[in-house]
Ligand SMILES: [Zn+2]
């Protein structure tokens with residue numbers, strides 16, 4: 001989380017093809033690959049966690065709604 005890290009990684013030549021960050025499309029860094037920063041990595045993780053338990057519940061709810069009509 002130091003500012004020096006950002007400058008250092010910017011000068012490092014990538015060993016592989018540079019890949020855009022899935023969150024903001026900036027070039028990824030080796031420290032946070034495939035993301036550009038720790039913040040984007042956490043963003044993706046939190047979204048993944050939300051989605052993982054929102055999807056199965058939605059399917060069950062629509063069925064339960066019909067059963068409880070009468
Ligand atoms: Zn990013």
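Glycine residues also receive a Cβ, built from the backbone N, Cα and C atoms like all the rest.
Automated prediction, rather than curation, is the source of TrEMBL annotations.
Quick look at what TrEMBL lists:
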| type | residues | note |
| --- | --- | --- |
| BINDING | 21, 24, 36, 40 | Zn(2+) binding site |
| COMPBIAS | 1-29 | compositional bias 'Basic and acidic residues' |
| REGION | 1-32 | region 'Disordered' |
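Each residue in 20, 22, 23, 25, 26, 28, 32, 35, 37, 39 lies on the same chain as 21, 24, 36, 40 and has a C-beta within 8 Å of the C-beta centroid of that Zn(2+) site, without being one of the site residues. For residue 21 (Zn(2+) binding site), applying a Cβ distance below 8 Å and a minimum sequence separation of six or more within one chain yields 27, 28, 34, 35, 36, 37, 40. The Cβ neighbour count for residue 36 (Zn(2+) binding site), using a 10 Å radius over every protein chain in view, is 22. Taking Cβ-Cβ distances under 8 Å and a sequence separation of 6 or more, the neighbours of residue 24 (Zn(2+) binding site) in its chain are 36, 40. In the three-state DSSP scheme, residue 40 (Zn(2+) binding site) is classed as helix. Residue 40 (Zn(2+) binding site): 18 other CB atoms within 10 A of its CB, across all protein chains. Look at residue 21 (Zn(2+) binding site): DSSP puts it in coil.
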